Every structure is written in structure tokens, then in C-alpha cells.
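> I have a structure here, written as C-alpha cells, and I will follow up with some questions on it.
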Amino acid sequence: MLCLLSSKREWKPLEDHSCTDVPWLLLFILFCVGMGFICGFSIATGAAARLLSGYDSYGNICGQKNVKVEGIVNSGLDLTHKKYVFFLDPCNIDLVHQKIKSLALCVSACPRKELKTLADIQKFAETNGSTLCSYELQPSEYTTDPAAAKLCPKYPVPESAPIPFFHRCAPVNISCYAKFAEALITFVSDSSVLHRLISGVMTSKEIIMGLCLLSLVLSMILMVIIRYISRVLVWILTILVILGSLGGTGVLWWLYARERISASAVETQIAKDNLQALLIYAIAATVFTVILFLIMLVMRKRVALTIALFHVAGKVFIHLPLLVFQPFWTFFVLILFWAYWITVLLFLGTTGSPVPNEEGFVEFRMVGPLKYMWWYHLVGLIWISEFILACQQMTVAGAVVTYYFTREKRNLPFTPILASVNRLVCYHLGTVAKGSFIITLVKIPRMILMYIHTQLKGKENACARCMLKACICCLWCLEKCLTYLNQNAYTATAINSTNFCTSAKDAFVILVENALRVAAINTVGDFMLFLGKVLIVCSTGLAGIMLLNYQRDYTIWVLPLIIVCLFAFLVAHCFLSIYEMVVDVLFLCFAIDTKYNDGSPGREFYMDKVLMEFVENSRKSMKEAGRGGGAEGRELKPMASGASSS
């Protein structure tokens, strides 16, 4: 890899700042200009007006004068007073092509009550001045013209109301969309169940909001107290794993012994097969238990580092309280961007030139190179979303790096988070753009393969299906590895202000030198945080069950409880992922600190007292082990190099 080709260099934390990966920043700006061009083009070609005001099946935009479309009857009409789109058969939904298969007309008012016969439709037109049949049919002909059955809406016409801002008449009764609902929610077999589910959500909306707030508070409390319970939690987890593996192995050997005694009395083929299966299971469990014990024996001292890092991470949140709110800003920016992206996507759905379809109606299609704007827009969704997430990682990394490499904590900037954002905007946006682009390059092929797998479901042979799944799995693993390496590269950039390739190389070297520690942190630490998420979800779910049990105003409260638990998991994941990010940044800072410093005059450690105690304990254990014997000694050697000289 070209990124790994650079000369060896000393780490100089926070000594100078320089702009990194400027060409990539310019490329990203050009790409964003292209995204803006797509939005401007769709608005300039009338897509915004067609989306907001709506248009009929003949290409006329409702609420304005229109231009004649060649070869299309009923086009070019003056519909200034007809501001709403009305579908003659709104319940006829094409699930495959995701559209309503019905003639669309512009009307002056939506039917606010059910119309059961053509006479009712005629009376509604005469009373309200809103003609619901095709333009060539006069209201007086609704009950006399034989063509009225095809040119008028399917009756009974359901009660409808205009959708705010989008000027479409939509049926008020959701049972109209029973087919669509059943396609999305298979367990809803009739509209009454759906009504009860929705009524349950609406009736308990105050409880749902309260429980969502509870999950938010629990997540923030857990982030504060996890530093105090990390040691206990790790050892409880270790004991449970040991007891579970021993217990499972013991039970399997006990079952094998009992089966062997009973099989000696009754010699059948089934008994022999069961006995052989139990023997295989018992041997496999024994091998697994032995391997697990060996791993724990090797990792036992590295677990102490995980505990120490969690303890220091708790201190970081005390000194940098704005870190807690980092998920809010990221989520808010992502929501704004996704709203913009969806709006432009809807614009693209109505942009293009009017083209007659096989039914004689008008469709708007893009021709030539412009039809590929969809792909550009899709890449923009992935790249810019990853860019926003990478900005969060760089911001957190910059703030934690400032905390770690500031010897006197009282000399910290007034707001390290804002200082980190300032450094990001002034110096490192190009690095973030490059890192997020690399993730995008992996995501796009994986999404294409997933789409192909979905489209070919049930059609491809077993070998092709297996190969597709294997490729998707490999790309997913590669994406996760690159995301982890990117995060550490951002930390290296925050420390040394180097470009992405140099930072990725430096971070990779440090991680390889501390491979066992990385494994311990990413297994024990991640499992601890997972248990924290489970704790928050279970606590919120239990509170929800207790509160919803006393609510008697509705019949089904399964859906509110599912909503609350999903929200609790989302909140816990957002907050604890920030905690995990802080731990990863602290570890890289600690590894760099122990590699280039040894505590001697002029090379003092930057680390916290808790980590200092871990270093001293490691040195003592190395001395007892004969300095450098085994894997433990080799990994701690960078720490001890100065100790021997001093």
C-alpha cells in the first residue's frame, strides 16, 4: 500500500498544526458543488413545482396555467383554480413499482365525505364546483353518459383530505391501504388490529416520551458511573464465562456417562448415534474450555489495562462534559442532510421531459447523461454521511488528545471540544474527506451486491447464492477494519497533524506492536459496553411494562413497548459508542506515550495516575519474569527501555 510508504518519524503531540490532504478537500468541495447542481437543475426544470403542487396524468401542474404537450389530449389546461391532485382509484397501489395505478386529475376540493354513487359525485361537483371525473365529461353527464363508469372515480369514493404542503387528496381511512400494510407488516391480517396498534401508540404517547427521556438519562448516568464499576463488571464477566464453560463441559460429560450406562443395556443404532454425538460434543466443549482458559491466562494482565482505560475515560467526560452532547449534534446534522437528500430525490422523481407512456398518459423521464444523476446523488448520500460521522470521530479524537497530552489539566482550553472543531475546520477537513471516501468505496460494492442478491432471491442457484453472501460478508469485514483503522488515523492526525496516509501507517504500526492489548480492549471492552446497552434497554423496558400495565385506555401496548425499547437501544448505542471512541483514542495515546517516554527527566509520561500504576505493575511483573521473557515481556519492552537506563 502506498499509504504505508513513509520514513520513520518521532511523535510530537500538539506541537504544530498544518493543513492536511488539501487536494481531497478540494475534490470534496467540487463533489458537493455537483450535488448542489443536481438540486438546482431539478428545481429549474420544474420538478419542485410538480412535487409540491402536484400534476395530473396529462402533465398539467395543478394550480397554474400549463403548456401544451404534443400528442397528449387534455394537456396545456388552465388549472389555476384546481389546486389539488385527486386519484380516481387511490387504493390501487402497485407495490412493485411503488406508485398508485390510477388516473390523476386536478380538482378544486377534496371530497370530505364518502360518495357512494354517481349521483353523489354529480351533486358534489354541482355544490362545490369540484369535478371528480375526467376533464372532457361535464357534471350534467355523470349519470347519463355510458363512459362515466371509466372516466369517473371508482365508488364508493372514500372520504379524503389534502396532504399538508403537497396538495394531494389522500383517503382518511387507512384501511384503504390494507394491501400495502399487509405487505409491510405481515402479522396484521385485518384493519382492526392495525387500528388498535395505532390507537395504543397515540393513547400512550406521553408514556412513550417519558420512557425515551428515561433511556436518555440512564445512558448519561451509565457513562458517569461506568468508571467506578468497570473493575467489578470485568471480573463478574470473567467468572461467569469460566463457570459457564466449566458447567457446560461438566454437564456434557455427565450426560455422556449416563448415556453410556443406559446404552450398554439397550444396544440400538439410535443409542449408539446419540452416544457418539455426546462424546463429540463433550470433547469439543473440553477443547473450547481449555483454549478459553489459555486465552484468559494470556490476557489477564491486559484486562487490567482495559479497566484502567475505562476509569480514565470516565475522568475525560468529567473534564470534557460537552462530549456527552456530541451524538446530538451529529444526529441533528445527519437528519438535516438526509432531509435535504430525500427532498432532492423527490425532485429527481418528477424532473425530466414529458413523455407519453403506453397508456397515453404523461411521465417525466430524464434522457441522455442526465439519467445518471441518480447514481451521483446516491454516492453523495454515502460519502457525505460518512464525512459527517468522520467529523465526529476527528472532533472527539482532537478533544481527547488535547486532554491526554496536557500535563496540567487546569491549563486545558476553556472548551476543548470547540477547540477541536476549530482545528478540524482549519486544518483537517481534507483528511476526513479522504478517510470517508475510502469507506464509501467499500460500501458501494457491498450495497450493489446486496441489491443483486435481493433481486435474484429465489432465482439463483445455491452456489451463486453462497458466493454472493461470501462476497458481502468479506466486504462488510473489510469495511469494519477500515473504519477502525480510519478512527485511529484521525487520532494520529490530531496528535501530529500529518496527512491521512502517514497517520494511517503510524497508527497501524502502533496497533500491530500492541496487538494483544488491542484484542483485549476490543473484546472485554466492547462486551462491557454491550452489557451496558442491554442494561439500559432492559431497565427502560421494565419501566415501560410497569407503566403500560396500569394504562387501561387501549387494548394493545406491544407496539409502544417495541418503540420504547428500540429508541432506548439507539440512545444507548449513540452514547456508549462515544465512550468506546474515547477509550480507543486513549489507548493509542497511551501506546504512543509508553513507546516514546519512560518517566525519566525530559521524557516524562503524559498519562493519568491510574495508567501510571498499570505501567509500574507491568514493570514489576517483567522484572520478576526475567525482563523480556515470553510474549508479555516482548510487548512491554518499549515501556521498560528507559527503566533499565535510569
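Glycine residues also receive a Cβ, built from the backbone N, Cα and C atoms like all the rest.
Source: prediction; values computed, not measured.
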> When TrEMBL marks a stretch as transmembrane segment, which of 417-438, 527-548 is it?
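Transmembrane segment, as annotated by TrEMBL, spans 527-548.
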> Six or more residues out from either end of the transmembrane segment (232-256), which same-chain residues have a Cβ under 8 Å from its Cβ atoms?
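Apart from its flanks, the transmembrane segment (232-256) reaches 226, 275, 278-279, 281-282, 285-286, 288-289, 292-293, 296, 303, 306-307, 524, 527-528, 531.
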> Could you tell me whether the transmembrane segment (527-548) and the transmembrane segment (372-405) are in contact, taking contact to mean 3+ Cβ pairs under 8 Å with a sequence separation of 6 or more?
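Answer no: the transmembrane segment (372-405) and the transmembrane segment (527-548) share fewer than 3 Cβ pairs below 8 Å.
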> Using a cut-off of under 8 Å between C-beta atoms, tell me which stretch among 22-44, 277-297, 303-324, 331-352, 527-548 contacts the transmembrane segment (207-226) the most.
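Ranked by Cβ pairs under 8 Å, first place goes to 527-548.
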> List, by number or range, the same-chain residues at least 6 past the transmembrane segment (527-548) whose CB is under 8 A from its CB atoms?
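Residues packing against the transmembrane segment (527-548) from afar: 204, 207, 210-211, 214-215, 218-219, 222, 226, 230, 233-234, 237, 306, 310, 557, 560-561, 564-565, 568-569, 571-573, 576, 579-580.
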> Using Cβ atoms and a strict cutoff of less than 8 Å, what residues sit near the transmembrane segment (303-324) while being 6 or more residues removed from its termini?
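Sequence-remote neighbours of the transmembrane segment (303-324) are 220, 223-224, 226-228, 230-231, 234, 238, 396, 399-400, 403, 409, 412, 415-418, 517, 520-521, 524-525, 528, 575, 578-579, 582-583, 586-587, 590, 608, 610-611, 613-614, 617.
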